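Let me begin by presenting the structure, written as structure tokens, before commenting on it.
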Amino acid sequence: MGIPLTWMLLVMMVTSWFTLAEASNSTEARRCSECHNNATCTVDGVVTTCSCQTGFTGDGLVCEDMDECATPWTHNCSNSSCVNTPGSFKCSCQDGFRLTPELSCTDVDECSEQGLSNCHALATCVNTEGDYLCVCPEGFTGDGWYCECSPGSCEPGLDCLPQGPDGKLVCQDPCNTYETLTEYWRSTEYGVGYSCDAGLHGWYRFTGQGGVRMAETCVPVLRCNTAAPMWLNGSHPSSSEGIVSRTACAHWSDQCCRWSTEIQVKACPGGFYIYNLTAPPECNLAYCTDPSSVEGTCEECRVDEDCISDNGRWRCQCKQDSNITDVSQLEYRLECGANDIKMSLRKCQLQSLGFMNVFMYLNDRQCSGFSESDERDWMSIVTPARNGPCGTVLRRNETHATYSNTLYLANAIIIRDIIIRMNFECSYPLDMKVSLKTSLQPMVSALNISLGGTGKFTVRMALFQSPTYTQPHQGPSVMLSTEAFLYVGTMLDGGDLSRFVLLMTNCYATPSSNSTDPVKYFIIQDSCPRTEDTTIQVTENGESSQARFSVQMFRFAGNYDLVYLHCEVYLCDSTSEQCKPTCSGTRFRSGNFIDQTRVLNLGPITRQGVQASVSKAASSNLRLLSIWLLLFPSATLIFMVQ
């Protein structure tokens, strides 16, 4: 059974159509260089074919752009605009719309997206389809791109005033923009004259000797250098009232308010008044000031206080941002000084917690608080940096000494409510000074030295157990073996430490407590160590406020069991003297004269194993030492310096 003729004809027609279509978009070529720039070259054996790329139409040798936007079925832009491009197309939206992933356009809300609207700061942005509007607030004028205020449209305390070179009207605080009237003749005590304030218009502040605020009572005629003096018929406002309206009256012909005009008054945070004045209704009329009013009534206000006016009187009041609701929010200041510890609390914050009459004390109630001021008002309390006073407790480890105490707060001397307790402490790294203060009975020596003039310097000298110089020997005497080392430290306390340094000029040992004993063993002489004794090491001398040396323990030849140490010290002015010794090479040793008024003494030190009692030898020193320990925690030497 053969294929019907009708089907054969149909197949031939379709095949012919595809062949023609293919031939219309591609062409055989001899080489690829014959293909158009927007065509693709394919090589199949010996056949080279040029075919136009997608988005182009032609025979491959010549290809032209196909306009997909010309017919709706060749692009998929729905409610967006189709824009033809070489070989393709794109969908575009009008201004105010945004293209979605589905290639449709949606409205842009310029009012909700930052940076898209240009409305004035006071205007309200209103979104519309494809656009937006700017609307000025009620009482303001303008196109929304710029809004100007009008009288009565500003918030309380502000006024509609011109600003900038173009004089556009904006709401401003008149306390920051006013003119000054300084004429002394405005005083109600000034006599006759014929001044007239016809040219006044705007906000003004009165300053100078004539007074700083308007008179509040009727002023006699022919005063204030004018015929009919003008006065404020009413009281001045308080700071919380903002801008108030008052009547200014002019006294003439036995009528205290013969003429009147309305003015505005405001109490400003800086402790002064400003007045929105208008020209008087007649001439000669002028505004008068009260000479009893004074400037600077708020100069004592601190940074955490506002200057406010109550019934025409200025006073300082804590700012609202000082208010707290919990003790944990208290701002404190802890100062860990060399001799004292001070704890301070902000007074305004205490008042916001209800402490109007603060009663502050420490573990020892005899140590109570006091008021002090700098930029702020504080309630402070001080305790010596020592164990015991004010109930202060000392804790000590190998590296630090820590003093702690408890601060108690009450609202009065008698207590019915819960009192507040605040623990505080200061930690000090152990050095020679701190270690002496934290020792119960360090081996020290004391001597007062005066260098004519004024200025007191204290020098201490102590014997330590190790090269760290943080553990002083305790007690009135020390027993050591000849293998042990003596670590001696001297330190300058107080005075101008940036200028003066401590120099040990002569340090020596004697077998008796007499520093002038002819039997002397010099450890340091003429500021330099004894070179024959290799155990001597000067750690520091003439470089800072402290000086240190060490030497191995020894005994004197003969029937001597005790050793006493003596050091002559000197305060060297580093700004004008060479203080650090130069000890290299052979040096002449004088040591003939030692100023005993500059000598500190330590001892006795006895050799371990000696059974002889040293109590008698130390008794006189112990009695003297016990007296000094009540005054100083270490050996002291006082310098009086000009």
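Numbering starts at 1 and runs along the chain as it is shown here.
Glycine too: its Cβ is placed from the backbone N, Cα and C atoms.
Each of CYS175, CYS256, CYS257 is a candidate, yet Swiss-Prot gives the disulfide link of CYS218 to CYS256. Partner cysteine of CYS288, as given in Swiss-Prot, is CYS224 (from among CYS224, CYS249, CYS336, CYS348, disulfide bond). When the candidates CYS336, CYS390 are compared with Swiss-Prot, only one is recorded as disulfide-bonded to CYS367, and it is CYS390.
Checking CYS119, CYS136, CYS147 against Swiss-Prot, the residue bonded to CYS134 by a disulphide is CYS119.
Checking the candidates CYS93, CYS125 against Swiss-Prot, the cysteine paired with CYS111 through a disulfide bond is CYS125. Swiss-Prot assigns the feature region 'Beta hairpin' to residues 149-172, out of the candidate ranges 53-76, 149-172. Taken residue by residue with DSSP, CYS283 (disulfide bond) is part of neither helix nor strand, so it is coil. DSSP assigns CYS175 (disulfide bond) to a helix. Here the region 'Beta hairpin' (149-172) has long-range neighbours at 137-141, 203, 242-243, 264, 266, 276, meaning same-chain residues at least 6 beyond its ends whose C-beta is under 8 angstroms from one of its own. Fewest Cβ neighbours within 10 Å among the disulfide-bonded residues CYS50, CYS111, CYS301, CYS507: that distinction goes to CYS111. Applying an 8 A CB threshold to same-chain residues 6+ apart, the list for CYS426 (disulfide bond) reads LEU334, CYS336, ILE341, ALA385, THR402, TYR403.
When the Cα atoms are compared, CYS111 (disulfide bond) and CYS149 (disulfide bond) turn out to be 22 Å apart.
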